[in-house]
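Enquirer: Before I ask anything, let me first share the structure, which is written out below as structure tokens.
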Amino acid sequence: MTASPSATLPAPTFNDQEKRTTLIGLLVVFLLAALSQTIVSTAMPRIIADLQGFNLYSWVTTAYLLASTVMVPIYGKLSDLYGRKPILVFGIVVFLIGSALSGLSGEPFLGNLLGGGMNQLIAFRAVAGFGGAALFTTAFTILADMFAPAERAKFGGLFGAIFGLASVVGPAVGGFLTDNLSWRWVFYVNLPLGLLALFLILAKMPRLTHRAEGRIDLLGAALILSTTIPLLLALTWGGTTYPWDSARIITLFAVSAVSLIVFLLVEARTKDAIIPLSLFRIRMFSLGNLAAFIMGMAFLGVILFLPLYMQMVLGVSPTKSGFSMLPLMGGLILSSIGVGQIVARTGKYKPWMIGGGVILMLGIFFLTKITTHTTLADLAWRMFVVGLGLGPSQSLFTLAIQNAVPLNQLGIATSSSQFFRQIGSTIGAAVFGTLLLNNLHTELPKHLPQLPGMQMNANNFDLGALRASANGSGNGPEQKIQEALNAQYAQIEQALNGDAAAAQAIAANPALPAELKALVANGGIQAQVHQKLTAQATQIANVLKNGEAGRQALLKSPQTPAALKTQLQALPAQALATPQAAAATAQRVKQGILAQEPAAVQQAKQTVLAQLKTRLNEQAKTLAAQLTNGMKEGFTAAMTRMFGTSIWIILVGFLVTLFVPAIPLRNQMEKAAPSTPATPNPAD
């Protein structure tokens with residue numbers, strides 16, 4: 001695919017009205033792109049409940065990010081070759097198609113397409129990501145076309161604020177739509193917003209002249225795909241679906257590594273490389289992208305999983321969990337806009353990059369201290385600190401990179417910056433999703449009570465049950481436990497009625513108490529009643545053989561049943577007058593007692609079952625409380641361990657930021673240089 005040659009053109013110029021209308025259109029596009037990454041988070045518990053597949057939780061986000069990530073450098077190159085506007089319009093259209101299809105996932109008319117609803121959603125989110133890649137990349141590049149770096153800083157802060165707004169309004173809107181309409185509307189809501197953006201771009205934005213010539217590096221794009229997809233699969237499956245040392249995981253890592261090596265070799269020899277390796281000789285480009293990559297990993301871990309913690313542990317609704325992210329948004333918007341204005345005035349960005357990293361690490365550290373008893377107010381100030389730290393990273397790295405590269409490579413430099421940020425977010429979603437599952441494997445067994453038929457781990461972790469218990473909807477662990485205990489009751493009843501298989505199962509169950517097992521062992525209640533009645537009848541018969549003296553002794557004994565006393569009182573004197581008569585009477589009384597065995601057995605069973613039912617109901621309440629608390633404790637412990645890991649990731653990004661060069665911002669738009677590979681000073 002080759003573009004027609006074009007002469008070297010001066011930087012495009014805009015009048016004030018064109019700048020305003022274009023800026024509004026870009027902000028709508030940017031809001032649309034940012035919302036698509038965050039609006040889904042609060043709907044995910046409901047989506048999983050409907051479509052099933054907790055083990056695929058992170059892939060709903062990962063699929064979108066993966067598709068958008070691999071397309072970012074391609075769109076960047078295309079926008080340099082064919083212009084920003086047609087690429088942006090194409091991206092919006094594809095994004096809207098993917099959003100509409102995502103909302104239809106799991107509908108009956110789709111049947112078992114792609115293996116079911118969850119797989120459909122993942123695939124359709126990838127379609128949306130394929131188009132969404134053009135939104136972020138082209139918006140930032142058009143901003144660079146319109147404004148010089150020094151002026152761009154304040155608008156970059158505005159874009160960062162929009163991203164922060166979307167990061168929190170997205171979960172809030174997603175929660176509101178999920179609670180009041182359906183989770184499907186978190187995808188359908190993109191349609192009117194996307195159509196508005198499409199109108200503004202088509203009707204109001206001038207067609208920008210493109211400055212470069214060359215061809216699309218299709219081989220480079222394919223190698224990016226073959227590098228990132230196996231890497232993400234390995235990071236997602238490792239330690240959960242397959243062991244880390246399994247042949248499948250090792251092979252995926254190997255394929256990714258080999259593809260990366262081939263990519264570097266190919267790009268070094270390709271004139272129109274999708275990511276020109278010459279750009280990496282610019283110190284700001286290489287270090288800035290590395291830092292943005294690392295910060296991108298940490299950012300998504302917070303945004304994705306905090307709403308999950310609030311719903312699962314604190315028991316808030318999807319709507320409230322979204323609005324509860326407002327403190328994070330406030331901190332992010334405050335720092336993003338404030339830092340943007342300061343950088344626009346001073347031209348110094350590095351101190352704010354470093355300061356943002358320090359504050360971000362501090363905020364994540366505070367999140368490692370959350371517990372099952374943390375209140376929303378206590379969580380709010382922690383999130384505010386995280387937002388303050390995230391703000392500067394949303395725009396400053398892109399601004400600094402754009403400032404350091406030649407103007408004729410602005411598109412590919414901007415797209416590369418977005419690529420590395422998004423590949424960081426994509427890997428972050430996969431890594432943090434895997435960390436959460438691995439931590440659940442470790443933490444849940446420590447906190448959950450042992451309950452027959454309800455063994456729980458990260459693979460069958462019941463989000464719906466935990467959420468229902470947390471918000472008191474009555475559908476939580478209590479119901480699950482009651483169902484398990486009812487099944488246990490039915491099995492005991494079968495064993496009491498002579499079911500040998502049920503009796504064996506009860507005897508082999510280590511969780512059941514010994515006294516309960518004794519009720520079904522060695523013939524069960526029937527044998528026990530028979531033994532008791534036989535002993536009682538024999539004893540009474542032996543006493544009656546003593547004649548009238550025996551009868552009087554039985555009448556005085558408190559252990560003699562009342563019904564038997566009535567019978568004894570009614571005996572005529574001649575029935576006990578002689579030893580032979582007394583023996584015959586004793587035998588008849590014994591037979592009468594033994595004849596009551598079936599009724600006695602039935603009564604004993606009913607008494608035992610009634611007592612057992614009462615006991616199981618009480619046990620259900622106790623176990624429900626233990627299970628709910630255990631699930632919350634295990635989930636919270638998994639979350640805090642995950643946040644602890646993210647601190648180390650952010651620390652690496654912070655150390656990289658320390659070595660980022662501080663290049664003065666350009667105050668004027670430059671003229672484009674001929675489209676030749678950059679040969680910058682490595683010290684830049």
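Glycine too: its Cβ is placed from the backbone N, Cα and C atoms.
According to TrEMBL:
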{"type": "DOMAIN", "residues": "22-470", "note": "domain 'Major facilitator superfamily (MFS) profile'"}
{"type": "TRANSMEM", "residues": "23-44", "note": "transmembrane segment"}
{"type": "TRANSMEM", "residues": "87-110", "note": "transmembrane segment"}
{"type": "TRANSMEM", "residues": "122-143", "note": "transmembrane segment"}
{"type": "TRANSMEM", "residues": "155-177", "note": "transmembrane segment"}
{"type": "TRANSMEM", "residues": "183-203", "note": "transmembrane segment"}
{"type": "TRANSMEM", "residues": "215-237", "note": "transmembrane segment"}
{"type": "TRANSMEM", "residues": "249-266", "note": "transmembrane segment"}
{"type": "TRANSMEM", "residues": "287-310", "note": "transmembrane segment"}
{"type": "TRANSMEM", "residues": "322-344", "note": "transmembrane segment"}
{"type": "TRANSMEM", "residues": "351-368", "note": "transmembrane segment"}
{"type": "TRANSMEM", "residues": "380-401", "note": "transmembrane segment"}
{"type": "TRANSMEM", "residues": "642-663", "note": "transmembrane segment"}
Enquirer: Taking the transmembrane segment (215-237) as the reference, which of 122-143, 183-203, 249-266, 322-344, 380-401 gives the largest number of Cβ pairs under 8 angstroms?
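Expert: Result: 249-266.
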Enquirer: Could you pull out which residues elsewhere in the chain have a CB under 8 Å from any CB of the transmembrane segment (249-266), counting only those six or more residues past its ends?
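Expert: For the transmembrane segment (249-266), the sequence-distant neighbours (Cβ-Cβ under 8 Å, at least 6 residues beyond its ends) are 219-220, 223-224, 226-228, 230-231, 233-234, 237-238, 242-243, 273, 277.
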Enquirer: Taking residues 6+ outside the transmembrane segment (642-663), which of them lie with a CB under 8 Å of any CB in it?
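Expert: Long-range Cβ neighbours of the transmembrane segment (642-663): 283-284, 287-288, 290-291, 293-295, 297-298, 301-302, 305, 348-350, 353-354, 357-358, 360-361, 364-365, 367-368, 400, 403-404, 432, 435-436, 439, 683-684.
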Enquirer: Please compute the mean pLDDT of the model over the domain 'Major facilitator superfamily (MFS) profile' (22-470).
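Expert: The predicted confidence over the domain 'Major facilitator superfamily (MFS) profile' (22-470), as a mean pLDDT, is 78.
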